[in-house]
Structure formats: structure tokens, C-alpha cells
Amino acid sequence: HLMQFETLIKKIAGRSGVWFYGFYGCYCGSGGRGKPKDATDRCCFVHDCCYGKVTGCDPKMDFYTYSEENGVVVCGGDDPCKKQICECDRVAATCFRDNKTYDNNKYWFYPAKNCQEESEPC
């Protein structure tokens, strides 16, 4: 669920997902096309691809189960589809933490007209 994704971003990356990643580059936020502009935008591209591979549940609307063990987020639950959503979100939040290029604010509120290149395959 997108609200859980926001929570994981805060837990793992230590930042608000909506504020820092909701309107960034060509892939962070709604939609996505063109080539990722930097490492942070690539995190969003990979997350979009991950959601695109989920079948049998809705990555944006379905809630999943996770826990924290020694400060590490662990995806759980019996539903493999929902666990896959959790893994997509966990990996993206970790990617945001490890690639803090969002400080390059030339990509904040980046115009979609600058994202016209052919998209890379997932």
C-alpha cells in the first residue's frame, strides 16, 4: 500500500517519501517515462518495474505485513503477492537511503516534457 511505502521510506531512508520523492525526476511520483536522471530517479524506475511484475494483487492499494528485527525491515505474511509488494517497497526505500542524490534539486518538480527519451526496458 502506498501509505506503507511512505512509512518504510521514513523508517529506512529517514525522509518523507512524498516530500522528497513524490515529484522528482522522470520516475519518482505518478507515472514515469524516459531515462532516469540520476541514482535517486533510478531507484524509482526500479520500483516501478518491480510493481509492474506483481500479479494477483494491487501494489498501490493492498496492505502487506512486515516487522523490524534489529533495525532491519523484514517482509512477512502468508500471501506471496503482498510479500512481493513489501520487497519492492523495502528495496526502494533502501535505495533512497543509499543514493541521496535528491539534494540535486534541479530534478525536483522536473517537467515531464524533459522525459521524452525512449524508456529503458525493465
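Every residue gets a Cβ built from N, Cα and C, even glycine.
Using a 10 Å radius centred on the Cβ of HIS47 (active site) and all shown protein chains, the other Cβ atoms total 23. The active site annotation in Swiss-Prot covers HIS47 (among others), and the record cites similarity to another entry as its basis.
Feature annotation from Swiss-Prot assigns active site to ASP89 (among others). DSSP assigns ASP89 (active site) to a helix.
Annotated Ca(2+) binding site per Swiss-Prot: TYR27, GLY29, GLY31, ASP48, in sequence order, evidence recorded as similarity to another entry. Sequence-distant neighbours of GLY29 (Ca(2+) binding site): residues of the same chain at least 6 apart with a C-beta under 8 Å from its C-beta are TYR21, GLY22, PHE23, CYS44.
Under the heading disulfide bond, Swiss-Prot lists CYS26-CYS115 (among others). Long-range Cβ contacts of CYS26 (disulfide bond) within its own chain (separation 6+, distance under 8 Å): GLY32, ARG33, GLY34, LYS35, PRO36, LYS37, ASP41, PHE45, TYR110, ALA112, ASN114, CYS115.
Secondary structure at CYS44 (disulfide bond), as computed by DSSP, is helix. Residues annotated as disulfide bond in Swiss-Prot, with similarity to another entry given as evidence: CYS28-CYS44 (among others).
In the three-state DSSP scheme, CYS95 (disulfide bond) is classed as helix. What Swiss-Prot lists as disulfide bond is CYS43-CYS95 (among others).
In three-state terms derived from DSSP, CYS49 (disulfide bond) belongs to a helical segment. What Swiss-Prot lists as disulfide bond is CYS49-CYS122 (among others), and the listing cites similarity to another entry.
In this view, CYS88 (disulfide bond) is surrounded by 23 other Cβ atoms within 10 Å of its Cβ, with every protein chain counted. Swiss-Prot lists CYS50-CYS88 (among others) with the feature disulfide bond, giving similarity to another entry as the kind of evidence.
Per Swiss-Prot, the feature disulfide bond maps to CYS57-CYS81 (among others); the stated evidence is similarity to another entry. Sequence-distant neighbours of CYS81 (disulfide bond) (same chain, six or more apart, CB under 8 Å from its CB) are VAL54, THR55, GLY56, CYS57, ASP62, listed in sequence order.
Long-range Cβ proximity for CYS86 (disulfide bond), meaning a same-chain Cβ under 8 A and a gap of 6 or more residues, is found for GLN4, TYR64, THR65, TYR66, CYS75, GLY76, GLY77. Positions annotated as disulfide bond by Swiss-Prot: CYS75-CYS86 (among others).
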Candidates CYS28, GLY31, CYS88, ASP89, CYS95, namely the recorded positions, that fall within 10 Å of CYS49 (disulfide bond) by Cα distance: CYS88
Shell list (Ca(2+); ref centroid = CB of TYR27, GLY29, GLY31, ASP48; cutoff 8 A): CYS26, CYS28, SER30, GLY32, ARG33, CYS44, PHE45
For CYS95 (disulfide bond), nearby residues of its own chain (Cβ under 8 Å, 6 or more apart in sequence): ALA39, ARG42, CYS43, VAL46, HIS47
